[in-house]
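K.L.:
Marked as ATP binding site by Swiss-Prot on the basis of sequence analysis: G110, T111, H112, G113, K114, T115, T116.
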Amino acid sequence: MRIHILGICGTFMGGLAMLARQLGHEVTGSDANVYPPMSTLLEKQGIELIQGYDASQLEPQPDLVIIGNAMTRGNPCVEAVLEKNIPYMSGPQWLHDFVLRDRWVLAVAGTHGKTTTAGMATWILEQCGYKPGFVIGGVPGNFEVSAHLGESDFFVIEADEYDCAFFDKRSKFVHYCPRTLILNNLEFDHADIFDDLKAIQKQFHHLVRIVPGQGRIIWPENDINLKQTMAMGCWSEQELVGEQGHWQAKKLTTDASEWEVLLDGEKVGEVKWSLVGEHNMHNGLMAIAAARHVGVAPADAANALGSFINARRRLELRGEANGVTVYDDFAHHPTAILATLAALRGKVGGTARIIAVLEPRSNTMKMGICKDDLAPSLGRADEVFLLQPAHIPWQVAEVAEACVQPAHWSGDVDTLADMVVKTAQPGDHILVMSNGGFGGIHQKLLDGLAKKAEAAQ
């Protein structure tokens, strides 16, 4: 079959393209911005990429067009597909029909930690000989790709609540039909497509509804929003994580780089890994519980996590200059900012200085939905620098004023980088947080710090 993918350079759609190639289909695709690393990955798989959406790319006519969720009516290719009656479907629908239908699906859903937890579950199964397939929203550190067909019945998927396509406004995850479901947490997010928390809970309950009776749902017992969702009705086995639940994690070190796994009060495993932070410990516990449902002993799962490498942009060390370390993180919601800063604080100790540099870039952030929670979430940083994005209906100066520590802002990335370099001293740790490229600020900081070191000699 010849498949053409509109919006191929996103992580999810690029992953589907790789799976389609592994299934033996001829695959082409287009995107408004064809750029590495995804373009390189796809071209290596023999997938032809086209820049832009000129309708001529649909000649000769493909057998099927997979339409990404960023595509809208008015797009020349979308209009041509509809006009010529070319068969089309959304990415999640294709995944269900061509990949997941006969598989044991382990899905990871929730507001935070999906990519990390899905990566952990995949690595546990891989290390324990299960050879799973996977589709993950970032490239897990232990693998070279974000999607793989696998060689067994088991398939791990990052289950996103975002919508499928302009013609299917349900959450992607309703197509995945999981047998093992991790619900990490639930908060209001994606304010561009959801009106309120109830609207998201409704979609999550659609997901809960399609887990089989002998399937299993693993969720944290202290999450009020999930508790309300589960109270709408659940027909599957449940395992709870947390103090009153079946599973607990007990820190053995302050930074959570070593921890015990407890099941029904008994120690069943111990994790020693390169990750830090209680949020990662929570993610790891979820992955261990999910792996047990498919047959992996918790002790084996815990051992496997010892060699787990996280996806890029998860408290990733980007470099060091003038004695200052620069980290990068994908955090783009107050809860994630709080967890990432807590993890870094645990890693570097209570007296080291942490400088937080934040770009409010997600749609929810830009709309100002969670702006009042930003200053408290930044509390563990010693100094804060904020970028003021253009064309948003609120001012980051409000957040700077609400911060208890010194806080500064600028509307220009270069100016902001200069301000950070000026204040940073040897021994400091800079944490850059954004779900985008942040104007290449990481390298600007490292270059600026190196120049500062030269000037001081």
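Every residue gets a Cβ built from N, Cα and C, even glycine.
It should be emphasised that the depicted structure is a prediction, and the values quoted were computed from it without experimental measurement.
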K.L.:
Given the binding-site residues T111, T116, which one's Cβ is surrounded by the fewest other Cβ atoms within 10 Å?
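P.N.:
Least crowded of the binding-site residues T111, T116, by Cβ count within 10 Å, is T111.
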K.L.:
Under 8 Å Cβ to Cβ from G113 (ATP binding site), same chain, six or more residues apart: give me those in sequence order, or none if nothing qualifies.
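P.N.:
Expected: N184, N185, H279, H282, N283, M286.
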K.L.:
Measure from the Cβ of G110 (ATP binding site) and count the other Cβ atoms within 10 Å, all protein chains considered.
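P.N.:
The answer is 24 other Cβ atoms.
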K.L.:
Measure from the Cβ of K114 (ATP binding site) and count the other Cβ atoms within 10 Å, all protein chains considered.
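P.N.:
The answer is 24.
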K.L.:
Compute the mean position of the Cβ atoms of G110, T111, H112, G113, K114, T115, T116, which form the recorded ATP site, and then list in sequence order the other residues of that chain whose Cβ is within 8 Å of it.
P.N.:
V108, T117, N184, N185, N283
K.L.:
DSSP on T115 (ATP binding site), three-state: which is it?
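P.N.:
Its secondary structure by DSSP: helix.
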